[in-house]
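What TrEMBL records for this protein:
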type	residues	note
DOMAIN	67-346	domain 'Deacetylase sirtuin-type'
BINDING	95-99, 105-107, 177-180, 275-276, 299-301, C332	NAD(+) binding site
ACT_SITE	H197	active site, proton acceptor
Amino acid sequence: MSDNDETPDDEDVQSAVEYLKMLQQGNMFNGREGLLEQLKELAQKGVHPLEVLQAMRKPVQEEPMAQVLDSFDLEGIAKYIAEKGCQRIVVMCGAGISTSAGIPDFRTPGTGLYDNLQRFNLPQAESIFELNFFRRNPGAFYELAREMWPGNFEPTPAHYFIRLLHEKGLLLRCYSQNIDSLERRAGLPGDKLVAAHGNFDEAHVIDTEPEVLVDINELKSALDKGEEGWQKLREDKGGLVKPKIVFFGEELPERFARLHRTDLANCDLLIVMGTSLVVHPFAGLVGYAARSAPRLLINRDQAGTCDGLKFGFRFHLAEAQNWRDAFHAGDCDSGCKALSELLGWKEDLQALVDSKGAASVTRAPWVEPESQ
Ligand code: OAD
């Protein structure tokens, strides 16, 4: 949206119209043609369909509970962890935990990936990760995939903080939207991680049922040869091959579907870091956390509040309306360091960072030692 509603910006109009076309192609308006016409009219004025659809949503009312935090900040969360003896913390994370490793996020204006894809001449930035677009124009994604291929990036203090929670015996699960595999590189065991948007561990031929898997190294060497390489691979495999990262229009991994409801219902604390919480179904996990479980967001800016996300955060509301949500505005690394310090684990976190995950860390005093 431009600042002035009377003179819509051409780019806003174009983006609104393209987005609407995409929704239409997905048969979203069957039986709701009246709504489609209204959205078309508004799109011509530069109003994005998402803004309208969002505004149509009725915020879900929640009955406030007795406060579970003494204060709605890192101190309150640290006190809660130690006094309650938390052992089932769920972490949800996004691109913001990897920016200090040198990997751009998606939506930060200017530096985010979606502001830097002009060379691909896309209808809209997200198209680069859309299955329909990929079927028609595989070259754009393939070029980007070569640049994004996980390389020599090192985990950040935020990644080691997640590992620290695991070593302390407090982590139930980490749900990550990131495809850089840095959680594993920080030493988090596979069973503690749900890579909700997939990763570059495997590749598959799209549109195959049952799914045909391809060795990721085969895809890598094909892409290294440019268009000739991927065209040949397409012929050999009978279809386009892509890394198993989740595109818009694809299902999330089976592991996500199997675990998320139980994990969130059982968590005793939810920590969300470095995500704009705009991509579903991932963002919806926030609302599945047990109602009595405190929730902490560490992010540069507020995200996932209940006016836009079902059962979302309430830290922006008056205290009577918020019984459990805390927002720490700032970088993930500094937020994680501050929380570790409040828990008396500053040195443990630093040791993991300095040793690249090799240091051993003792369990929290309230957690049983691991059985051999
Ligand atoms: P976004 O780029 O949407 O959001 C990143 C959030 O992290 C923003 O709120 C930033 O302000 C914040 N941020 C960036 N660096 C930070 C830092 N060092 N410390 C604290 N906050 C920081 O990224 P995601 O939410 O991860 O999906 O994006 C979700 C999904 O959208 C991605 O998984 C990807 C994309 O389309 C697919 O590709 C399927």
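Even glycines carry a Cβ here, placed using N, Cα and C.
Each residue in the domain 'Deacetylase sirtuin-type' (67-346) has a pLDDT score, and their mean in this model is 96.
Spacing of F106 (NAD(+) binding site) relative to H197 (active site, proton acceptor) is 14 Å (Cα to Cα, whole number). In the vicinity of ligand 1, defined as a Cβ distance under 6 Å, the following of the binding-site residues A95, S98, R300 are placed: A95, R300.
Under 8 Å, Cβ to Cβ, and six or more positions away along its own chain, R300 (NAD(+) binding site) finds G96, T108, A329, G330, D331. The two recorded residues, S98 (NAD(+) binding site) and the residue listed as 'active site, proton acceptor', show a Cα separation of 15 Å. Put simply, A95 (NAD(+) binding site) is 12 Å from H197 (active site, proton acceptor) when counted between their Cα atoms.
Cβ packing within 10 Å was compared across the binding-site residues N178, T275, and the lowest neighbour count falls to N178. Of all the recorded positions listed here (A95, S98, F106, H197), the one with the fewest other CB atoms within 10 A of its own CB is F106.
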